[in-house]
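Asker: Sharing a structure here in structure tokens format.
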Amino acid sequence: MRLNSVALLSLVATALAAKAPFKIDFEVRRGESKDDLSPEDDSNPRFVKRDGSLDMTLTNKQTFYMATLKIGSNEDENRVLVDTGSSDLWVMSHDLKCVSAPNSKRNERSFGHGTGVKLNERELMQKRKNLYQPSRTIETDEEKEASEKIHNKLFGFGSIYSTVYITEGPGAYSTFSPFVGTEGGSGGSGGSNTCTSYGSFNTENSDTFKKNNTNDFEIQYADDTSAIGIWGYDDVTISNVTVKDLSFAIANETSSDVGVLGIGLPGLEVTTQYGYTYQNLPLKLKADGIIAKSLYSLYLNTADAKAGSILFGAIDHAKYQGDLVTVKMMRTYSQISYPVRIQVPVSKIDVESSSGSTTNILSSTTGVVLDTGSTLSYVFSDTLQSLGKALNGQYSNSVGAYVVNCNLADSSRTVDIEFGGNKTIKVPISDLVLQASKSTCILGVMQQSSSSSYMLFGDNILRSAYIVYDLDDYEVSLAQVSYTNKESIEVIGASGITNSSGSGTTSSSGTSTSTSTRHSAGSIISKPVYGLLLSLLISCYVLV
């Protein structure tokens, strides 16, 4: 049921009796390219009010999860990519200059937001080391006084596109962004203003916008796309719920055609190299009392589904089976006492061969970044070769990936990934197979750069897990996903998660049923909570 009454929502918001979760439901749309994806779709987005939750809607394509925001008193509508691998929100200015990204440099790979750092590593680590503990943030009132004097410049924290063609076999690589040469970089228009097709923000028409007295915002991604603009803060509305004075950047020049809503750790904000962090969306939701903890749970749903969700401040027990097991995030740099990326240890990767035998293809415990900004997954060369061998794949120079038997798309075999030594997630091999042509299938796992200190799991692996990201305590909790439309949402208190069990079960056919729910005591608030459900339409692009 769609909520049409703003007055009713206002009354509910005023009557908040406890911290409420903030939920983003995402709708999935698919097409041959981004151009054949109309805002209209045969599936109707759901806007539903629930006690104790605030819903935002996401949509999945190749895999882009796009949220619709309304910014400022003029409520300019912007659709932005939702990304766990980066931490900053930036949108397009209404009068920005669209430029083409350089496409001559093709010796770097696009891994998804939050990866592929090109900035001088030693300098960056020293600047981050000089930060106070993460509790030291620049508060909104300090921003209003413009006390921070920084130059927000960051090179290489990821890429909007994760499409990679390995043209020289394992050990060598080159990149290909789907829009380079035609629309520029990661969707840039090569000079026309089609890069505002997903919305823009006119600061002059907003009575509530305040510009920071700082140097320019500037970010560049590994595929050479970039954005330059200003920093400011304004009210941002998601469905009918408004987050007051949210900090974000407004690009006045970019080679990308869509902005980004980064919800990662504050240590990955572009301002960290200048000595401070600020409250991005998860932190601001907590600071404003909308949620009790900077925590969100991720449910991507099946590869062909039309909906999934990110739930802030709460857990949906219907969306997983068994127990949620908590794993500490890994420190990104030894010189820094806290994590910068959402990176967790993977201790084992078991692959079942066609003969039924199981092989561990991981030589030792390895750090893995969990990144919704990446469609595919990336592992080190030896791991990739072992995976390809176990699946009887053949590396193809012409295709630029491992070619596998298309029968694997219907296989019931799994890749079993052990996180932190105590939680195994079963990933269907069928989810890792991509249909390259009518008769050719490739493996959707690529080689990670040998210069990287971590591997990366994108959506084709993450959708098999129900994942809870705790940004306050630097923890990730995982359970095997249960695909279902049912819900059993509970708010998480300030003390965090204790042992919780899911109410969902998955049958051999992949459908879901519901059993009685066993929830832990402690920090899980089981009493009714009056809150808002924020539904936000997010379009996801599958480019083939």
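Just so it is clear, glycine is given a Cβ too, placed from its N, Cα and C backbone atoms.
Feature table excerpt (Swiss-Prot):
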- 1-17: signal peptide (SIGNAL)
- 31-50: region 'Disordered' (REGION)
- 65-479: domain 'Peptidase A1' (DOMAIN)
- ASP83: active site (ACT_SITE)
- ASP83, THR84, GLY85, ASP371, THR372, GLY373, SER374, THR375: pepstatin A binding site (BINDING)
- CYS98-CYS195: disulfide bond (DISULFID)
- ASN212: N-linked glycosylation site (CARBOHYD)
- ASN240: N-linked glycosylation site (CARBOHYD)
- ASN252: N-linked glycosylation site (CARBOHYD)
- ASP371: active site (ACT_SITE)
- CYS406-CYS441: disulfide bond (DISULFID)
- ASN422: N-linked glycosylation site (CARBOHYD)
- ASN499: N-linked glycosylation site (CARBOHYD)
- 500-519: region 'Disordered' (REGION)
- SER520: GPI-anchor amidated serine (LIPID)
- 524-544: transmembrane segment (TRANSMEM)
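Locate each feature and note its surroundings.
Answerer: In the three-state DSSP classification, ASP83 (active site) falls within a strand. With a 10 A radius on its CB, ASP83 (active site) counts 25 other CB atoms from all the protein chains.
DSSP assigns THR372 (pepstatin A binding site) to coil in the three-state reduction, placing it in neither a helix nor a strand. When other Cβ atoms within 10 Å of the Cβ of THR372 (pepstatin A binding site) are tallied across all protein chains shown, the result is 32.
In the three-state DSSP reading, CYS195 (disulfide bond) counts as helix. If you draw a 10 Å sphere around the CB of CYS195 (disulfide bond), it holds 30 other CB atoms from the protein chains shown.
In the three-state DSSP scheme, ASN252 (N-linked glycosylation site) is classed as strand.
In the shown protein chains, 21 other C-beta atoms lie within 10 A of the C-beta of CYS441 (disulfide bond).
DSSP assigns ASN422 (N-linked glycosylation site) to coil in the three-state reduction, outside any helix or strand. Residues near ASN422 (N-linked glycosylation site) in space but far in sequence (CB under 8 A, at least 6 apart, same chain), listed by position: VAL325, VAL327.
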Asker: Run through ASP83, CYS195, ASN212, ASN240, ASN252, CYS406 for me and report the recorded positions whose CA is within 10 Å of the CA of SER374 (pepstatin A binding site), in sequence order.
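Answerer: The recorded positions close to SER374 (pepstatin A binding site) (Cα within 10 Å), listed in sequence order, are ASP83.
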Asker: Tell me the coarse DSSP state (helix, strand, coil) of CYS441 (disulfide bond).
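Answerer: It is in a strand.
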Asker: Listing them in sequence order, which of the recorded positions ASN252, THR372, GLY373, CYS406 have their Cα within 10 Å of that of CYS98 (disulfide bond)?
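Answerer: Near CYS98 (disulfide bond) by Cα: ASN252.
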Asker: To the nearest Å, how far is the Cα of CYS441 (disulfide bond) from the Cα of GLY85 (pepstatin A binding site)?
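Answerer: Given the Cα positions, CYS441 (disulfide bond) is 28 Å from GLY85 (pepstatin A binding site).
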Asker: Near SER374 (pepstatin A binding site), how many other Cβ atoms are within 10 Å of its Cβ?
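Answerer: Here the count is 34.
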Asker: Between the Cα atoms of CYS406 (disulfide bond) and ASN252 (N-linked glycosylation site), find the distance and write it as a whole number of Å.
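Answerer: Taking the Cα atoms only, CYS406 (disulfide bond) lies 45 Å from ASN252 (N-linked glycosylation site).
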Asker: To the nearest whole angstrom, state the Cα distance for the pair ASP371 (pepstatin A binding site) and ASP83 (active site).
Answerer: 7
Asker: Reduce the DSSP letter at CYS406 (disulfide bond) to three states and note it down.
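Answerer: Going by the DSSP assignment, CYS406 (disulfide bond) falls within a helical segment, counted as helix.
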